[in-house]
Amino acid sequence: MSQAEVIRVTGTVQGVGFRPFVWQLAAQLNITGDVNNDGQGVLIHAWASQATLDTFAQRLKSEAPPLAVVDSITRSPLSQLSPPAGFSIVASKHSQAATGVVADAATCPACLSEVFDPANRRYGYPFTNCTHCGPRFSIIKRIPYDRANTSMAAFTQCPSCQSEYSNPADRRFHAQPNACAQCGPQLWLEDNLGNKMGDGIGDGIEDNSGNTNHHAIDRAAQLIQQGYIVAIKGIGGIHLAVDACNSQAVDKLRARKQRYGKPLALMARDEAQIRQYAELSPQHSQAIASPAAPIVLLPQIQPANTALALGVAPNQNQLGFMLPYSPLHHWLLRKLNSPIVLTSGNRSDEPQCIGNQEALERLADIADYFLLHNRDIINRLDDSVVQIMGGKQTVMRRARGFAPQPIKLPPGFNAPKTVLALGADLKNTVCFAKDGHALLSQHIGDLENPSAQLDFRHTIELLAQLFQSQPDIIATDKHPNYLSAAFGVQQAAEKNLDTFAVQHHHAHIAAAMIDAGLPANSEPLLGIALDGLGFGDDGSFWGGEILLANYQKSLRVARLQPVSMLGGNVAMREPWRNTLAHLFASGVWQTLAKGYKELSITEFLSDKPIAILQKMAAQQLNSPASSSAGRLFDAVAALLNLCREQQTYEGQAATQLQTLAEEYRPTGSERSLPFDILNTSGLMEISWQRFWPEILQRLKTHSNLPQLAWLFHLTLAQAVTRSTTQLAQQHRVQTVMLSGGVAHNRLLSEMIIQRLDSNNLHCHIAGNIPSNDGGIALGQAAIALANLK
């Protein structure tokens, strides 16, 4: 007997080929009815036997298209009992935030097969895509996600493409970026003076599709092999490419880009090529081959493959590899024998270029040649970065491939008011949240840069459109000098909106809680927040805290002992200042010259204006006290002669200290260096008074630097674990969140998690949300929503 049902599918189910999938599945099962998109997802009216409808509902989830994410399937009886003659796809209703704008996705196997098939009309066409892959967020101007609202509006489909687009049985049905060489975007090569280049291979010779795009890629590959720097316009931005095995080319790129120390990203042809340089676990393979195609941090093989230029990742034991994620990249890498460096097309610390003219103006003295195309990039998308920690993928930079897919909030966050959270000034992201969903933006960057500020404003406007809502409340960081906070206050005043200031580290912990799926009414837990710097509730600078927190409120219950930041922000760039501050604070400085005169740190510091610096510390003259874990890492790194004078990028000293520590092979008998847990006016405090004399003595007697670096990590892990365990017993909690930028230190975090686990404490570190400041906006939004009256 025929039954009729309304089937509602929610999640990421629009723009991913879900309706044609439903149409094809219905045809296979002889189901009649219709399917359409609306503001909540996909809505199906279906007529068939009960058993068939049960099978249909099960297969909707188990066989969903590759880019679809099915959150829920709900079924209810349909009162209209007379079935229609067939199954149809109904025109869409206006979409809203809950349906999601899909992130850009790496080229699918079917499209890749067409690109490399000489008999196919898309042979060599670098913009080949379908509903399973290709650009999405990078090309959208506004919603609904229709071709007219993307940068593909400039390209009218030819009859062949239009036929695919209109056919529900075709995988390009309603693929908005659909195109071919006859009707779509075109690629060309020019030099840094703006002169278009002949390809030198087959000038004027077309294949059977009339396509010459791949000849430009062939010529670019030749130029890379000859040692030139080629700027390549991809999906979310323009990159700079050189042969990763050509040391002179890599050094030239660093010099021109003025990026002297930070590791450079790599792109390899396939996993087999990656294995020549790095280790790939099953988890690494799964991450690197996913539709998001992120940069994945991989351990270098040992001994290292000397074919790779040393300048790619100096003083690092990891390499950041990604696989080709567009037909352009696939074609290019198949023409090369080596991996390429593929780093963002910008000067150091500037946002990545996205426009052709912008690139020619800003990169003309960096790149020798430009491989450009005429499909505009609307939204800048950096490459996402992930690592595997404790067997789990953790996102470090959430951008291309991940953003702006909606985040389903845990139970209790269903308030109808819209919160706009503006994040932090470094690694900025912004977030809209309402009705149980959040849109966390792509990585925007550091707001000190004027271009990043423009991106910041543009992204807020775009997400407001995607979310179909204007903010009722603006959440900001409590830092009084943050540009993001000042913007929020200004906007609130102009639009008569409420503001909600959120403490930096509370936001870190709340973001981890959202990632863990904890509901809005969760009981207080312990949050370990380890980062570089954040403005505290007491007006001082925090960065090494343990909070007793839920979404509604937080209380600091422990901290690292505060130490002066000699020279204020200068101490963030010059690690030796942090070493000296710790030597002052521990009382070791008075004996350093006599007791440790043979150490290089003693000679180094003897040239510094010690008397002035001592006075600054004593009187806190431009030397605010901070409990920062990041500055502690800097202090120990400088002691061990890593980035002692200065660091050229944020986190350089800490990263090199982790690399040094991972050279050590522990025996299992190691014990931490001494530390103390004090109680200062009811606040637990981790003191390093006894740590510094001990590490200096060990450095003096047996300078095994990898062992000392490893012992520092062990000591910090033990100190945090012991403090957390005592506090868990005191406050009767069993759940711990670990967050903050320092939590991306794999060695330290795994030490902490393992030790807490052995004490029967469950410790969660975010996997889908960055633990660094890239996750702050989500935490701010959650806290603001939870505090709505």
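The count begins at 1 with the first shown residue.
The backbone N, Cα and C atoms fix where each Cβ goes, and this holds for glycine too.
Annotations in TrEMBL come from automatic prediction, not curation.
Sequence annotations record features per position, and here TrEMBL assigns domain 'Acylphosphatase-like' to 4-91.
Every protein chain considered, the tally of other Cβ atoms within 10 Å of the Cβ of Arg19 (active site) stands at 24. What TrEMBL records for Arg19 (among others) is active site.
According to TrEMBL, the feature active site maps to Asn37 (among others). According to DSSP, Asn37 (active site) is assigned to a strand segment.
Look at TrEMBL and you will find 214-401 tagged as domain 'YrdC-like'.
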TODO: Count the Cβ atoms, other than its own, that fall within 10 Å of the Cβ of Asn37 (active site), considering every protein chain shown.
DONE: 24
Task: Integer Å distance between the CA atoms belonging to Arg19 (active site) and Asn37 (active site) - done: 8
- [ ] Pull the DSSP breakdown for the domain 'Acylphosphatase-like' (4-91) and write it out as helix, strand, coil residue counts.
- [x] 25 helix, 36 strand, 27 coil
